[in-house]
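Enquirer: Handing you this structure, nothing more for now.
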Amino acid sequence: MTMHPDVAVLARYADGDPGLDEASVWSVESHLETCADCRARLAGQIPDDTRALLDVVGAAVGRGIEAGPAPARRRMAIRRRRLAVTPAPWLTMTAGVLGCAVLLHAIAPDLPSLVLLLAPVAPLPGVAASWNRRTDPAWELVAGTPSAGLGMLLRRTTAVLAVVIPLLALAGARTGAPLAMLLTPCLAFTAASIALGSLIGVRRAAAGLGTVWSVAVVAPSLATAQLPVVLTPGGAAAWAAAAVGMAGFAAARADLFRRLNSAD
Amino acid sequence: MRTISAAETAPATYAWAVHAEQLKVRAGRHLAVDGLDLRLRTGVHGLLGPNGAGKTTLMRALATVLKTAGGELTLLGEPVSGRGDLRRVRRELGYLPQDFGFYPRFTVREFVEYMAWLKEMPKASIPAAAQRAVERVGLTAKADAKMKTLSGGMVRRAGIAQAIVNDPQVLLLDEPTVGLDPEQRLDFRELLADIGVDSCVLVSTHLVEDVVAACTDVVLVNEGKLVFQGSPEALMAHGEQGDPGFSPAERGYSALLRRHRGGAA
């Protein structure tokens, strides 16, 4: 803070003395901005007519603020809008496939529940699309920013899950599939695609996991008309453990998501 | 006007804003940057080179988008070639890629504000910073127009606006003058000179005249290696009457390239 101005200087400033040079006025004013004591001292020294003028101005400004328009509201946060843009077609597709699975269950109740069989891979198209060169037009701009990395991937994945999980719950309610057996494999596969994504890229990881699941589990169980062992109600704990393990692995490799090569 | 923070006036603790030693970067399988040494300080640097010289790959590596395949790269005194945290450096970077995609339904302002948010600027300062950046590139009248309604030159300028929105210490512009008309190019040169006063600007271009007019320093690369670095006058001094080109700078450019190719063969 600057030195407190002399009382005499402050009095001359209050009177508007033209003999006070510009540099002194400037230094008094810059000091007044930061010093409440000197402002109080100045207030005690200003002549009555100046005080009356200040009161009139203050009242007029107050009236003007009250009569004027209300402060403009901030527009909707852009990032929320951004989240809704890219994976939308993929989420629509997921919703369509789940709808078909519910219909099929109603037509052929003898087959193992397709909703249960598809639940693990339901979020994968959306997850793959949410951080991908092909679906994010501005990937090169985004990849060079400090926000790029695991945090951004998780944020986008959460947005995908926020749509997919209610869809799964709805489909489960219609077909009577147990909720735990819908959600835990779904979370485990999401975490696995991110963990594997740190090695080969999220898109490839999601595609690979989806293919392996379809070939190794979905196709045989449809052929034999039996629900696979891994999807029987006792497996929920194992799926939950797998989800936590995969998430931990992904978090430990967070630095690999900062560049383009490993995250496309 | 904007307030200047104490951090900005503090003396730098590094000698070079950009320092690359024996830098190697892959573009696909091909080693596009192969043992490049580069040291850049504050000022406007023009990056010249023939097609396929590795300019864009070098830009991407400097923007920390691509992983380096070898050598050392230090930006603003922090090593970025390893696995370390890039956040601090990236906050001080501005980058305009050669072909940059954008979200067509965003307005120019939303686009610039979104990029400012991704660059982790303080939330309260984003609207003002975006407005300033849009004004500096001369897009004020189109600030609330959707990106998809803009012409090529305007999109380019919106790209420059997002690159400068965070007042970067290191500004990397890959072919920024493509699509700009002659008058806009002149405005752009003024903007460059203004930014180059206190930041390190690297502009890649294939227009030799742009470099001579707007840059304080010329960097010439060929086949992933540094061929020449010096002032535009030094570049011109390399050209002789018999060399191909319409201006002294173009003659200097072709003479240096020919000598480099001859030396490599």
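Note that Cβ sites are derived from N, Cα and C of the backbone, with glycine treated the same way.
Per TrEMBL, the features are:
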type	residues	note
DOMAIN	A:10-39	domain 'Putative zinc-finger'
TRANSMEM	A:83-108	transmembrane segment
TRANSMEM	A:114-132	transmembrane segment
TRANSMEM	A:153-173	transmembrane segment
TRANSMEM	A:179-200	transmembrane segment
TRANSMEM	A:212-231	transmembrane segment
TRANSMEM	A:237-256	transmembrane segment
Enquirer: Please figure out which one of A:83-108, A:114-132, A:153-173, A:179-200, A:237-256 racks up the most CB pairs under 8 Å against the transmembrane segment (A:212-231).
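Expert: Per the Cβ under 8 Å count, A:114-132.
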Enquirer: Could you tell me whether the transmembrane segment (A:179-200) and the transmembrane segment (A:114-132) are in contact, taking contact to mean 3+ Cβ pairs under 8 Å with a sequence separation of 6 or more?
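Expert: Between the transmembrane segment (A:114-132) and the transmembrane segment (A:179-200), contact is present.
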Enquirer: Could you tell me the mean pLDDT the prediction assigns to the domain 'Putative zinc-finger' (A:10-39)?
Expert: 88
